[in-house]
Amino acid sequence: SQYSAVDTNPLSVYIMQPIWNKIIKIVPLWIAPNLLTFSGFIMILVNYFLISFYDWDYTASGTSPGLVPTWVWLFSAFTTFCAYALDSIDGKHARRTQSSTPLGELFDHGLDSWATSIFVLSFFSVCSRDNGKTGVSVYTMYTYLSIVLFNFMCSHWEKYNTGVLFLPWGYDISQVVLIAAYLLTGAVGVEVWQKPFLFGYYITDALVILLIGFSLLLSFPQTLYNIHRAHLRKTLKNDSLYEGLLPLVSPLLLFLLLTVWVVLSPGNILAKQPRLFLWMVGVAFSNVSCKVIICQMTSTQPELFHWFLFPLALVVYAAISGLLGWMEEVVLALFTMLVTAAHVHYGVCVGRQLSEHLNIYIFSLKKRVQE
């Protein structure tokens, strides 16, 4: 299927695109577009693990400001900008080198589906978790992450039904806000997040309200409107309502199971291990998303139940029934490792199959030699 995307965001069209068009000129023509995509993702990962090292349980910013060195915040701003730039120019570079392939599209969106959660998890270190005076509760973090991932899912569910990816406005805005937040933290220190700035509200409150407002009042209605318009024009890819809604079943069940675990956990798992739990949420979600992206690209039907749901349901049942007892954290750690390993394995396998099928290398513009 021919890739088509529509970007109507003024920030992107008038400010960012001209910047990317300048940056793209420095990229040598022999570099493979997937290498740009992957480099950006690696930078996000390095940044995430660096922040995790200084702030494993999201308390560093709230307890004793200065625990995370200033250079870490500035490095975060730098890596976020680089990842944003690389993610924005990879497609342009592919067209420039005449190397646009379905593998590139899948590679880009697949890594985006994972990067989305990692951006959010890194940002939580800036505002720190609730310590009674300032910060955000771990439940707010979970809700915030869920809304961002739900938004991501919606734009791909929309493409699954309409054949067009309407790029969400939130993407460019969130990247610019993230970079600004890191620069501000680097310049002023984390204290800036811990003082009310308007009518007794904190900056973090404003961001949460903005995010929820953007998703529920802008992105989601826009998605439904675009699908409705395609329905009126008779350009919908799926005839039945069942087929149209099918991709939403697994993500919704995934969130339902995770939320049940968060709310009913006897050991209060989210408060004990927020970083592990939220990382696991992001990875599981990314895998479910990738399946939908592949179905949307190949015009096939997604399976009703993603396989992650079965082990997750078992773990959640064992946890909330008290069967696991003190083992709950250990089981979470094991399950997180399983899900992460399975996701990486899946990505590698799909990448290799596609590169063989399309007769191209993933990270090189040279054609594969036919055996």
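Using N, Cα and C of the backbone, Cβ positions are placed for all residues, glycine too.
Here TrEMBL flags 26-50 (among others) as transmembrane segment. Distant neighbours of the transmembrane segment (26-50): 72, 75-76, 79-80, 82-87, 89-91, 93-94, 96-97, 99-100, 103-104, 107-108, 111, 114-115, 118-119, 121-122, 361-365; these residues of the same chain sit at least 6 beyond its ends, with a Cβ under 8 Å from one of its Cβ atoms.
Listed by sequence, the residues of this chain that lie at least six past the ends of the transmembrane segment (70-86) yet keep a Cβ under 8 A from its Cβ atoms are 19-20, 23, 36-37, 39-41, 43-44, 46-47, 50-51, 54, 115, 119, 122, 126, 175, 178-179, 182-183, 185-186, 189. Annotated transmembrane segment per TrEMBL: 70-86 (among others), in sequence order.
Taken from TrEMBL, the feature transmembrane segment applies to 166-187 (among others).
Residues or ranges marked as transmembrane segment in TrEMBL: 199-220 (among others). Sequence-distant contacts of the transmembrane segment (199-220) (same chain, six or more residues past either end, CB-CB distance under 8 Å): 127, 134-136, 140, 144, 147-148, 150-151, 154-155, 168-170, 173, 177, 192-193.
Away from its own ends, the transmembrane segment (241-264) comes close to residues 139, 142, 146, 149-150, 153, 156-157, 160-161, 227, 270, 277, 281, 284-285, 288-289, 291-292, 295-296, 301-306, 308-309, 312-313, 315-316, 319-320 of its chain (Cβ-Cβ under 8 Å, at least six residues beyond either end). Annotation source TrEMBL lists transmembrane segment at 241-264 (among others).
The transmembrane segment annotation in TrEMBL covers 276-294 (among others).
Under the heading transmembrane segment, TrEMBL lists 306-324 (among others). Beyond the ends of the transmembrane segment (306-324), by six or more residues, the same chain brings 250, 253-254, 257-258, 260-261, 264-267, 269, 284, 287-288, 291, 331-332, 335, 338-339, 342 to within a C-beta distance below 8 angstroms of the stretch.
Panel annotation: around the transmembrane segment (330-348), residues 110, 114, 269, 273, 276-277, 279-280, 283-284, 286-287, 290, 308, 311-312, 315, 318-319, 324 of the same chain, lying at least six beyond its termini, place a Cβ under 8 Å from a Cβ of the stretch. What TrEMBL lists as transmembrane segment is 330-348 (among others).
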